[in-house]
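To start, I am sharing the structure in question, which I have written as structure tokens.
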Amino acid sequence: MTKIAWQNTKHIVVLGLGKTGVSVLRYLQHKRQQDQKLAEVKIQVFDSRENPPGLEEAKQILGDAELINRHWELEDTLAADLIIASPGIDLREDPVVLARDADIPIVGDVELFAQESKLPIVAVTGSNGKSTVTRMVEFVAKQCGKNVAAAGNIGVPVLDLLLQEQHPDAVILELSSFQLESVSSLKLKAAALMNISADHMDRYCTLDEYVKAKQRIFTHAKTWILNRQQQDTWPHPVTGKLMTFGNDSHPKHFGLLSGNIDRVSGPVAVTFDGSVVLRADQLQLQGIHNLVNVQAALALCQAIDIDIEAAVRAVKEFKGLPHRCELVSDNEGVLWVNDSKATNIGATAAAVEGLRPMINGRLLLIAGGVGKGADFRELQSTLERVDILLTIGEDGPRIGQLFNGSRQVKSLQQAVELAASLVQTGDMVLLSPACASFDQFQNFEHRGDSFRHAVEALYVNSA
């Protein structure tokens, strides 16, 4: 899109409060203070929630008069010169679509940031792994002496970076498909698309529509970092410098070397340019899928001028993120792994495929929750690598019907207790739900914490 003509903007409509919406208000307040001509601009905020997150701060910035506690109508959007939408807002709604048809600019916070920032930026998107990769790049960069910031769908809201007195040396953005829908000016040193699996099918009509939203990350990217195992998700043509990663070997790009370690066959090392740069046993992360995440992270580090050898030294110390294949207990020879962040089929498939080769015993999977319109038949081949399946939540029965002998239980607590009665030395219990959590929990963190507490209680009570 063309650059926003702030001097011609008299009326701004903000759709949605929350963390993003409040950061937009802070940004607009700052612009008003910097440019007296903007002091008279009318700003209205719409949010249909009775008590949306950030309401009190929004009142302090804007006052009560222009905080409107209802859903926006066509007359609201058509009255604006500029519409700023939070990521959760469906841009296919009639009041938004008709405003766009009337040539009213519709942007998100990332587009506002892109139009103003002159910082070096790399970005990550994908159905799964993007948070781990973002934090991994941030960790490595800081270990190598760079002042960097992680922002976007993780860390601080992007617009807050523009308000800081000291700007970082570089920015690492995690971007969701929702955020990318309204981005068109983001210039990146490198962009990575980790993977695509069916997700948010309650928002997108087709998988192709979801893929196209993800591919927008490459619009102005110099280096394109892409997954060799998912070439059907690559944008065509590839117009940037190509760097690939994958779970196979490659003579020039990043890849995996297979072999045998501790009696388990499979990938044992990360390679680059035909040489081993990192052994699997040097990492503190669980699962083969994390060896793939490391490859993408190293490629992004190269784009912000971090030497590969220095990056490899640093990444060995990265401990991973909570609720992502997190080992919460190794007790009596049984491993309990919290992968509550697995809110879609692809994430659960990655966890099972990544962890299965690392155990000598049986794999017991706990799955279920809110499926968000997913077709769970895509999980069928993954479930063939599972020995015992316990299901929970609203869509648990839909997963359970794919597995002979599965058992549906009422709660996660009951699932943990039942799992404890079934496992033996050498087994792993994996919570990887393939579903959202909001039928029984506040969020995936709440679900993961509940799993951890239930597991801890098992061994406290047996001590």
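Cβ coordinates are placed from backbone N, Cα and C, and glycine is handled just like the others.
The ATP binding site annotation in Swiss-Prot covers Gly126, Ser127, Asn128, Gly129, Lys130, Ser131, Thr132.
How about a rundown of where these features are and what they're close to?
A coil conformation is recorded for Gly129 (ATP binding site) in the three-state DSSP classification, outside any helix or strand.
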I want to check the contact list for Lys130 (ATP binding site): same chain, sequence separation of six or more, C-beta distance under 8 angstroms. What comes out?
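The answer is Val124, Asn153, Glu174, Leu175, Met194.
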Any idea which of the binding-site residues Ser127, Asn128, Ser131, Thr132 has the thinnest Cβ neighbourhood at 10 Å?
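Each of the binding-site residues Ser127, Asn128, Ser131, Thr132 was scored by Cβ atoms within 10 Å; lowest is Ser131.
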Cβ within 8 Å of the ATP site centroid (Gly126, Ser127, Asn128, Gly129, Lys130, Ser131, Thr132 excluded): which residues?
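So the extra residues in range turn out to be Val124, Val133, Met194, Asn195, Asn293, Ala347.
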